[in-house]
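The structure under discussion appears below in the form of structure tokens.
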Amino acid sequence: MRQFPFGSTQAPLSHPGWQIGPGLIIAGSLLALTIAGLAALLWQAHLPEVAELWQNRYLGNVIRFTIWQATLSTALSLVLGLLIALALARQPRFRGRSLLLRMMELSLVLPTIVAVSGLVGVYGRHGWLTSVVEHWTTVRWNLYGLNGIVLAHVFFNAPLAGRILLQALESVPAPRRRVASQLGLTGWWLWRTLDWPAVRRVLPGIAALVFTLCFTSFAIVMTLGGGPASTTLEVAIYQSLRFEFDFGRAALLAIVQLAICGAIWLFMVRRGLSANLSPQRSFSETIRRPDGQGITRLRDAALLVCIALFLLLPLAAILLQGLPGLVTVAVDGGTSLADLAEATLRSFAIALPAGAFSVLSALLVLALAGRGGPHLARLSSVATAVPLMVPPIVLGTGLFLLLRRSLGHSSQGLALVALINGLMALPFVTQLLKGPLAGLDQATAQQADQLGVLGWYRWRWLHWPRLKRPLALAMAYGTGLSLGDFGVIALFGTPGQPTVPVLLYQQLGSYRMELAAGTALWLLTLLLLVFATFNLPGYRKRKQSRHQNDALNTLAEARHA
Amino acid sequence: MLRHSLTLFAGIALPLLASGQGNNTLTVYTHPSFAAEWGPGPGVKEAFEHQCDCTLEYVVLDSGGDILQRLRLEGNSTDADVVLGLDTGTMETARQTGLLAPHSIALESLDLPIDWQDSLFVPYDWGYFAFVYDTEQLPNPPKSLEELVNAPEELQIIIQDPRTSTPGLGLLLWMKAVYGEQAGEKWQALSDNILTTTKSWSDGYFSLFMNGEAPMILSYSTSPAYHMAVDKTDRYQAAEFDEGHYLQVEVAALVEPSEQKALARDFLQFMLTADFQRHIPLKNVMYPAIDLGDELPEVFDRLIQPDNTLFIDPATVAEKRKSWLDEWLNAMIP
């Protein structure tokens with residue numbers, strides 16, 4: 001049995017300042033930067049006509065359409081995500097389960113242009129599925145319009161929701177599962193007593209996150225929307241700033257967007273918070289659910305196969321589109337291959353630090369939620385998401401106005417890209433870690449306090465064992481998001497030193513369509529590799545967790561002694 | 001879907017890019033399709049540095065609009081000596097900033113379809129907007145804009161949004177140049193042929209057109225040159241329209257606050273020589289701004305040669321753009 005170093009008088013990093021300070025700095029600076037960026041824009045512009053918001057028919061339509069498509073996309077993504085998560089939780093031995101999980105993780109981090117290309121290859125006018133359906137049935141399907149927007153948003157977000165929800169379901173403590181199993185709870189009762197409490201903790205956060213992502217969606221809405229009737233607020237902001245140089249109007253619209261998304265977050269976070277207080281004792285030992293048998297099993301299998309096809313077909317389309325180009329590059333070698341290899345290394349040099357930074361920041365911000373009381377908790381939750389709500393070009397322009405004179409010239413561009421990518425991944429990583437981190441129950445926490453298991457030791461012995469897997473997954477998301485990033489690197493990098501997505505866009509811009517399709521496939525492969533690698537700890541989970549949990553059990557036993 | 005929603009803090013590090021402000025460094029603000037490895041940028045840099053005893057430094061911004069935006073934001077403290085990559089759609093707004101200086105170079109060597117006498121802007125390439133079609137899907141493309149507007153609904157096309165894309169704005173002006181007051185009605189008639197309106201040219205060309213979603217896409221009359229010369233396929237061709245085609249001219253200009261004006265003028269002068277222009281046809285896939293003679297790739301002879309060049313004075317465009325966009329929106333939103 002391992003011993004805690006009880007002898008030391010002061011555990012490292014146990015001072016309250018360490019638990020609140022860094023998180024407060026990160027959350028505070030994100031908020032401050034956003035406000036400063038918007039303020040700088042307004043300060044430069046003449047004051048906008050606020051009345052325009054309700055007088056202008058076009059703007060009114062845009063706001064209504066944006067809210068409508070985001071609400072619809074969010075609702076469908078959550079329902080589908082929940083169905084996937086429950087089916088996966090009920091069927092831990094489903095064949096191809098881990099492959100399906102990797103696909104689910106992948107869809108979110110794919111660059112838009114690649115994912116849309118895959119979706120079009122399957123559901124487009126001449127897509128495989130459309131052809132099959134229209135050949136055998138009288139159904140006429142048109143991708144372009146609200147259909148396509150919602151389909152693409154569900155493709156991106158339902159797997160994200162499903163992934164986080166599954167993690168929440170899996171974190172239900174084994175003793176509770178065991179009791180439920182002994183009592184023979186199934187159906188509604190099982191949902192009511194075990195699954196719903198677990199899901200309720202993370203659902204509001206996911207809903208707010210997905211809503212924000214759909215609300216601020218831009219290129220997808222335009223490509224699949226069919227025409228200007230499908231315009232989101234983000235398009236109107238881009239237009240004001242980029243083409244009309246109307247800073248005032250851009251800032252005004254950005255504030256509307258921030259207000260709508262921010263209100264959703266605040267509302268959701270309030271709702272979600274109370275659930276955190278429920279006592280939870282978590283041992284990550286798996287107990288077989290009693291409800292995964294018989295007819296349910298068949299139903300789950302059917303659902304999972306459908307989901308797998310929904311996710312896999314577009315990826316297969318990307319594979320088919322990209323294979324010729326990638327094979328040509330691999331066979332011919334030469335500069336194309338060298339370019340791709342260099343771009344890959346460069347991408348990882350940015351993405352791995354970015355992933356690590358996002359995970360670290362998320363932990364620090366979440367520490368606020370644990371220790372800093374409800375107000376700080378709410379602040380931390382919203383602050384991490386604020387960067388998603390303000391259009392990047394607004395924030396960028398504002399900050400540029402603000403900081404330009406104080407910045408010198410240097411070549412630290414790539415380090416900065418990693419830093420910004422890390423911050424961008426923060427809302428996702430936070431959602432992934434929130435559940436597991438809050439899983440420490442009151443009794444254990446109190447006991448740990450009494451025994452002086454604080455600071456670093458508390459982290460090492462109480463949190464680490466149960467956080468290992470979520471952390472690895474969070475790291476994979478952070479790395480993957482950075483790996484697929486095009487926006488930041490396009491602005492900060494240099495074209496002579498492209499990352500893989502930049503290379504892809506350069507090839508597109510120069511008509512190298514086949515090469516670009518090959519690069520897209522390569523990017524997909526890299527992302528798959530990242531998620532597969534970071535999920536490896538999961539395979540050794542069962543053996544190790546027993547061992548790691550000795551420490552916890554010691555605490556638990558001591559209580560009864 | 002995150003790529004655009006997440007470009008956080010875009011402004012912070014941009015100034016970091018313009019490194020190495022030595023005495024003999026010429027800083028050129030440009031966009032990615034010029035500066036990328038496959039674009040003309042690297043070849044131009046090598047050729048110019050070979051003759052100037054200086055360093056040519058590109059600062060790459062997302063698009064022509066961003067170059068202008070950056071210039072406006074930086075004002076008199078800008079690092080730019082030359083801006084390269086504005087076009088006839090953005091040059092009037094650029095002129096109004098008052099941040100550009102007269103180029104005072106001779107423009108006799110220019111070989112454009114229109115007469116060009118501008119004291120601020122030097123053209124470096126040009127092209128016509130055109131619909132590129134897939135000959136396998138559409139053996140008989142429309143022969144005029146009118147025929148396209150009245151085409152049956154089965155003919156679907158992909159266009160770009162005039163609010164976010166240069167060719168998109170080009171089509172808006174094209175329709176305006178041909179139909180004038182009737183443009184709104186004609187847009188309404190065209191709307192059932194429009195499969196979708198994408199944010200940028202790349203979105204439409206890669207994700208949709210190359211997937212065979214529609215047989216026709218708004219692009220440039222020079223696009224087939226690339227497919228013929230490099231892809232070695234004649235499958236994609238531009239449809240020639242009887243009414244004529246709208247012209248786009250890409251320009252560069254000297255920046256007023258620059259401390260390297262002499263060097264910058266050398267560069268603009270160099271821009272109108274074969275050493276610069278020979279990189280244009282296949283790397284920017286546009287027509288060179290001067291007569292390249294035998295150096296013009298053979299495939300350029302096989303492109304459409306519109307009889308009629310349509311062009312609206314940039315000052316008029318700048319003034320009317322907003323009302324024309326509103327007209328388009330009203331026609332397209334039922």
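Even glycines carry a Cβ here, placed using N, Cα and C.
No curator has checked TrEMBL annotations; they are predicted automatically.
As written in TrEMBL, here are the features:
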DOMAIN    A:63-268  domain 'ABC transmembrane type-1'
DOMAIN    A:344-532  domain 'ABC transmembrane type-1'
TRANSMEM  A:20-45  transmembrane segment
TRANSMEM  A:65-88  transmembrane segment
TRANSMEM  A:100-123  transmembrane segment
TRANSMEM  A:143-166  transmembrane segment
TRANSMEM  A:202-227  transmembrane segment
TRANSMEM  A:247-268  transmembrane segment
TRANSMEM  A:301-323  transmembrane segment
TRANSMEM  A:343-369  transmembrane segment
TRANSMEM  A:381-402  transmembrane segment
TRANSMEM  A:414-433  transmembrane segment
TRANSMEM  A:471-495  transmembrane segment
TRANSMEM  A:515-536  transmembrane segment
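Across A:20-45, A:65-88, A:247-268, A:301-323, A:414-433, the stretch most heavily in contact with the transmembrane segment (A:143-166), judged by Cβ pairs under 8 Å, is A:65-88. Using the rule of three or more Cβ pairs under 8 Å, pairs at least 6 apart in sequence, the transmembrane segment (A:100-123) is not in contact with the transmembrane segment (A:20-45). Beyond the ends of the transmembrane segment (A:301-323), by six or more residues, the same chain brings 80, 83-84, 87-88, 91, 94, 96, 100, 103-104, 106-107, 114-115, 117-123, 127-129, 155, 159, 517-522, 524 to within a C-beta distance below 8 angstroms of the stretch. Count of Cβ pairs under 8 Å against the transmembrane segment (A:515-536): among A:65-88, A:343-369, A:381-402, A:414-433, the largest is for A:343-369. When Cβ distances are compared across the two stretches, the transmembrane segment (A:343-369) makes contact with the transmembrane segment (A:20-45), since 3 or more pairs at least 6 residues apart fall below 8 angstroms. Proximity of distant same-chain residues to the transmembrane segment (A:65-88), defined by a Cβ-Cβ separation under 8 Å and at least 6 residues beyond the stretch ends, is recorded for 94, 97, 100-101, 104, 146, 149-150, 153-154, 157-166, 168-169, 195, 199, 203, 206-207, 210-211, 214-215, 217, 221, 229-234, 260, 300, 303-304, 307.
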